[in-house]
């Protein structure tokens, strides 16, 4: 079966931005089909693998980079750190993100872990690797997704529009050179294993808004229902 054109599976602006890696996206699709053929599955569900690229490319004003999807079945939804509304309990990283959101902006605890409202505010929730194997963190790291997501970041940086990046953890911080002169906020990862080493108290949400306004952009409304 011939691969579907990019403009049928991602937003039009992203289709153009990702054109240099269209062949790599096709190769990753073949890799995932081979996994299924070999009796292995992957996360998130196929329809959500490229979900981050379904929001308008031109509207992105904050980039939050994750490592790879949650490995717990039922958790990964194609947006870094987000889960479906019905997921309980919340992943530890997300619990800590919400704790910092409250400390930073005095916002109440959200009703669930669905971060989709942030994407409507122009926040791109992007994992470096877009798939993983169930119960195996980082299983697909180094398999080829990095070429795709790094092109996405380079394309965002080349737009010449106000954007702030929030880089949590070493994997995300390694992407700093791709951002050129655009501002980036760096801290420890919100994982329970590292949040006490610089994530708590980093105030990424208010600082991102301050930087956006300094660049002439509009602040993000970080409230969640």
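Glycine residues also receive a Cβ, built from the backbone N, Cα and C atoms like all the rest.
Cβ contacts within 10 Å of residue 68 (active site, proton acceptor), excluding its own Cβ and spanning all protein chains shown: 23. Swiss-Prot lists 68 with the feature active site, proton acceptor.
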For residue 68 (active site, proton acceptor): DSSP state (helix, strand, coil): coil
